[in-house]
Amino acid sequence: MSALQPLIDTYLNHIASQRGLSPVTITNYQSNLAEFVALLNENKVGCWTELDGQLVRLMVKTLHKKGLKARSIATKLSALRSFLDYLVQFDILSNNPAKGIAAPKLDKPLPKNVSVDDMFQLLDIDEKDPLSIRDQCMMELMYSSGLRLSELVGINLQDIKLSAKEIMVTGKGSKQRLLPITDRAVATVKIWLKIRPEFCIKDEKALFVSKQKKRISARNVQARMEKWGLKQALPGHINPHKLRHSFATHMLESSGNLRAVQTLLGHADLATTQIYTHLDFQHLSKIYDQAHPRAKRKK
């Protein structure tokens, strides 16, 4: 038995009696702590007083390298932190070396993309009042070019070239990229530009403005898109990120060109684009059969 185990056994008996935890919960605590004991034994640590923050970070890193998901590591780290708090409480340790050490960031689930049919339904707006025209234009541009919310609100008049059907946006790290825009987006921008002067003060640079006659805020855009999602009877909530995600998925489904989608989205790393988009296996197999020279069999 490891020299580290007796204090764990004492701790498990303590929480079983004092906190009335179920046998299943106690077993989970025991299992989580056992992984740390194994790692400490590998690092020749024979006493809990030898544990420090650097070792805790090393163990977290090791678990991550072994392929454990962020949520599992967070659960194990929480169990270790509680155990070390117990050791501090009974003066075995002077401080908790796991306090303040975070698990890897939890993987954020991707938003469900909007289907092509639902996207057409969202953008098929009948209302012709100025705010509706502006909102339709914002959503058309976002879906047309896969814009981030910050990129959309940051667009200035000088950034858009309708004759060339292109727009310059400023992304993360102040990096600029030139993007194509669809004919439909060009048409809605032209309509918006005709009525825009009614909304803004003289010399306002922003393409999209609010009723306060200044650049529209990100929060305002989010609220307006959510409103249109409800009004157009779309399933689920509509938000700017979902439009960007849908653009990426639809483009990848149509082209199968991950590199091109990476460039359009402004991702520095291709891995980000791979995570950002999701295609079902059937569609990926179809792209593979069309693209791989050895997948094309002679009939």
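Glycine too: its Cβ is placed from the backbone N, Cα and C atoms.
Fair warning: this is a prediction, and the values are worked out from it, not measured in the lab.
Lifted from Swiss-Prot, the feature list:
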type     : residues : note
ACT_SITE : Arg148   : active site
ACT_SITE : Lys172   : active site
ACT_SITE : His241   : active site
ACT_SITE : Arg244   : active site
ACT_SITE : His267   : active site
ACT_SITE : Tyr276   : active site, O-(3'-phospho-DNA)-tyrosine intermediate
DOMAIN   : 2-88     : domain 'Core-binding (CB)'
DOMAIN   : 109-289  : domain 'Tyr recombinase'
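Among the active-site residues Arg148, Lys172, His267, the ones whose Cα sits within 10 Å of the Cα of His241 (active site) are Arg148.
Of all the active-site residues in the list Arg148, Lys172, His267, the shortest Cα-Cα distance to Arg244 (active site) is found for Arg148. Minimal Cβ crowding within 10 Å, among the active-site residues Arg244, His267, is found at His267. Note on Lys172 (active site): other Cβ atoms within 10 Å of its Cβ, all shown chains, come to 11. In terms of local Cβ density within 10 Å, Arg148 ranks first among the active-site residues Arg148, His241.
Helix first, then strand, then coil: DSSP counts for the domain 'Core-binding (CB)' (2-88) stand at 69 helix, 0 strand, 18 coil. A gap of 9 Å separates the Cα atoms of Arg148 (active site) and Lys172 (active site). According to DSSP, His241 (active site) is assigned to a helical segment.
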